[in-house]
Number of protein chains: 2
Amino acid sequence: MGTRDRIIDAAEQAIHEYGIAGATTKRIAQRASCSEALLYKHFAGKEELFLAVLLERMPALGPALTKLRLGVGERDLRAGLVEFTRTALEFYTRAAAVAGGVLGDPPLMAGFRSMLAKNDLGPHLPVLALAEILRAERQAGRIGPGLDPGAAASLLMGACFHRANLAHFVDLPDDDATWAASIVDTLFRR
Amino acid sequence: MGTRDRIIDAAEQAIHEYGIAGATTKRIAQRASCSEALLYKHFAGKEELFLAVLLERMPALGPALTKLRLGVGERDLRAGLVEFTRTALEFYTRAAAVAGGVLGDPPLMAGFRSMLAKNDLGPHLPVLALAEILRAERQAGRIGPGLDPGAAASLLMGACFHRANLAHFVDLPDDDATWAASIVDTLFRR
């Protein structure tokens, strides 16, 4: 395992244990058994390091979107959407503490925001990718014409993101599988 | 303005400026021109104080839900839901930094979670309240039978919560009014 990967792992563990505010570069370097100077050779700052944690350690959404895209017009649509909903929920559950921590730290947030803008990245991209897939499904005739693909993508991803956040604050009464099926059945009803 | 209100205002300003991690009781007390001892007479800890910020300084959702509830079966449903969607979006935009900051701070989160459980409170309650209202609208025949009220409430509130978070990270391409209308029209199509 290379130094870069050790540092990303150490950052993920430190965030989990201490939160974003407590996940200092000193603690992360110690845990990765390297110097802070070496950490800064791999990452310009905490923003870049936390982005790497989000993109490289929580890679579930990309493959799940690809799977949906490859099944357009062919694979069982309801089953595919329910599976995607559960994957998105798991992804957001893991990502929530990192995203929340960044959001709750104004100087870190400012740096994070400008880094995303400079690199044309952002947490809105999976919503746009899902909208494209739903547009293709509508063209294939498997989704009704009354459903706006962009709005449906916002609704589905938003429900997953919100539930992932809620579950950190309270014990939710219903289980994830039942919830995911009811979300898909309500949103894509014809 | 009483001491308690001064402290809550100071806490909201301090969170906005320094984030949750930097909003120490020392800074908050200074800004409220009181001693830390006096702050702790009003609030058992940061958890209780931040909950007061959320409940007492961002009170938009309660009245908006009441307005929807009073209009069941009578008021223009689409207009009411679009207005509610925009209010929820504004509410979550303001609340995002506080909720995110709590989520990103594991010890604070643990205290917050147990305080919510003890008092039967939580960020899931507005979703349950909206589900009740949608159930009543369905009974009144203004929402189709294929729409599960609980799922629809999850979808609508989730979309607002997610968009509020996204807007902190990136500049979104579409405006809020257009977005809110498309969300409501897609979710409640018949």
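Glycine is no exception: its Cβ is also placed from the backbone N, Cα and C atoms.
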Checklist line | B:24-43, B:64-83 - the one TrEMBL records as DNA-binding region | finding: B:24-43
Note to self: Do any residues, 6 or more residues outside the DNA-binding region (B:24-43), come within under 8 Å Cβ-to-Cβ of it, and if so which ones?
What the structure shows: 3-4, 6-7, 9-11, 13-14, 18, 49, 52
Margin query: Taking only the residues in the domain 'HTH tetR-type' (B:1-61), give me the average pLDDT of this model.
Written below: 90
